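**Q** Pasting the relevant annotations from TrEMBL:
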BINDING   THR43, SER44, VAL184, THR203  FAD binding site
BINDING   TYR265, ARG324, GLY362  D-dopa binding site
DOMAIN    3-375  domain 'FAD dependent oxidoreductase'
SIGNAL    1-17  signal peptide
Amino acid sequence: MTHVVVIGAGVIGLQTAVSLLDAGYRVTIVAEHYPGDSSVEYTSMWAGAQWRTHATKEQEESKWDIESYWYWMGVIERGGQTKDDMGVEVYPSYFYWANQTPESASRSSIWFADLVRNFAFLPPTALPPNTYAGIRYDSIAINPPKYLAYLYSRARTGGATTIREKLPTDKGMVAAIEKATSIVKSVESTYNDVDIAAFINCTGLAAGTLVPDPDVYPIKGETLLVRINDVFTPTFRSDINTFDPTSHVPAIFTHVDEAIPSVTYIIPRPGTITYVLGGTKEPDNWDTASNAGTLSDIQNRCRALWPALEHADFKQVASQVGLRPGRRGGARVELEEVQLGRSDGSKEGRKLAVIHHYGHAGAGYQNSIGSARKVVGLVGEVFGKSLAEELMKRAGGGEIGSRTGLLTGMKTEDEDDAEATGRRLAEAVMKYGRV
Ligand SMILES: Cc1cc2nc3c(=O)[nH]c(=O)nc-3n(C[C@H](O)[C@H](O)[C@H](O)COP(=O)(O)OP(=O)(O)OC[C@H]3O[C@@H](n4cnc5c(N)ncnc54)[C@H](O)[C@@H]3O)c2cc1C
């Protein structure tokens, strides 16, 4: 069985591992941090996290976002234990622009308007103060600690070996890979050197020093996790053209003001009565401390955005700081052939495939499904596997699956559901015109 080593166990590394296992590879994960760790170097623990695409129509990330959206919608629709274990939930999402922007013009200026559920522009009667325009659509919130634990458990039950180890970051990619190779060799008794066919570099922000990649930079984000016992959560009602103040349905609220370097959001945390209040976006800020003034500003902005919060009594559960793995030029999902040294005794050393998979900035969750599928495709290309053949197999030979390449690495408990989800996905992307 082809053996692939994934470096990193954040949402990107774990999703990659699960997708590779589903595609039939043998997988070992080597990482310093795993689910449950609360290090600031482990960004995935500190995400909001919601589906709110940041991509433009032209960027590849837009396709990944839509793939993740429909994958999660499929899981939520099916409900049951898997959904609860994953910690994902669908909510009405209200998004506001403080000022006029190209996107705020009309439905036709929003590339995902026809690709998400229940999209509509909000009437002026439903806008909070100091807001130019607003939209609503069904979106998804993710509970990061639960979601990461779910992915870890899926990787383990799928057969992955997990090794906790910090690889050297100051001597370059080759040194990190050689160290990882010797660790895998010492841990896995059945190890056969030629078996490790590829490494997938999912080291997030650390890739900046490990690769090294000068385009990688931190984007500091501060948030508050609060418990709100019972609060009226307004829900938009089209019959009265404004919000119903008696509703208790939780919702996601986001407000973007281009004049300030932050974004205000309120995100319910699925499976709990807590909410994430955010937030800040500070490029190139490596400081990992919470700032009392910033936290108070976040609370004030959130109370203004969601009037029901104005007088609500909420209890702060935690203040959180995370460093998003920003990258100028966008996430890197790319194959590199790395020349190893001669430690294996060969005359010239040997070449090894490294697939870089890092730099997802503030979109690692929403990118994760589609981005990991791309990695599975690249691994398949490296080993001469026919991607089309793989897709045909996974799509049950279906025309849509083979035409779109959307089902790579996807496997759910229920094949019928998987096909239905895949078909919806395919239809969405076909409609979007990026098959
Ligand atoms: C405040 C905030 C809000 C956010 N909100 C959202 C949101 O709403 N939606 C969304 O999609 N995204 C959101 N994000 C972004 C998202 O959290 C990140 O894009 C994502 O977590 C990046 O995951 P990753 O796996 O690349 O990195 P990480 O989670 O940092 O994982 C990196 C992994 O690599 C390992 N590693 C690194 N170096 C080494 C080494 N030398 N040796 C061994 N292992 C190593 C680490 O131990 C870890 O396991 C948010 C982020 C923040 C901070």
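The backbone N, Cα and C atoms fix where each Cβ goes, and this holds for glycine too.
Give me the lay of the land around each of these features.
**A** Sequence-distant neighbours of THR43 (FAD binding site): residues of the same chain at least 6 apart with a C-beta under 8 Å from its C-beta are GLY10, GLY204, LEU205, GLY322, LEU323, ARG324, PRO325, GLY364.
In this view, ARG324 (D-dopa binding site) is surrounded by 24 other Cβ atoms within 10 Å of its Cβ, with every protein chain counted.
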**Q** Within 10 Å of the Cβ of SER44 (FAD binding site), how many other Cβ atoms can you find? Include all protein chains, please.
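**A** Other Cβ atoms within 10 Å of SER44 (FAD binding site): 28.
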**Q** Work out how many Å separate TYR265 (D-dopa binding site) and SER44 (FAD binding site) at their Cα atoms, rounded off.
**A** 18
**Q** Round to a whole number and give the Cα-to-Cα distance in Å for the pair VAL184 (FAD binding site) and GLY362 (D-dopa binding site).
**A** 31
**Q** Where the criterion is a Cβ under 6 Å from an atom of ligand 1, which of the binding-site residues SER44, VAL184, TYR265 meet it?
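**A** Passing the 6 Å Cβ check against ligand 1: SER44.
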**Q** Let me know the most crowded of the binding-site residues, choosing from VAL184, THR203, TYR265, GLY362 and counting other Cβ atoms within 10 Å.
**A** THR203
**Q** Grab the pLDDT values for the domain 'FAD dependent oxidoreductase' (3-375) and give me their mean, rounded.
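**A** Taking every residue in the domain 'FAD dependent oxidoreductase' (3-375) and averaging pLDDT yields 91.
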**Q** Which state, by DSSP, holds GLY362 (D-dopa binding site): helix, strand or coil?
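**A** The three-state answer is helix.
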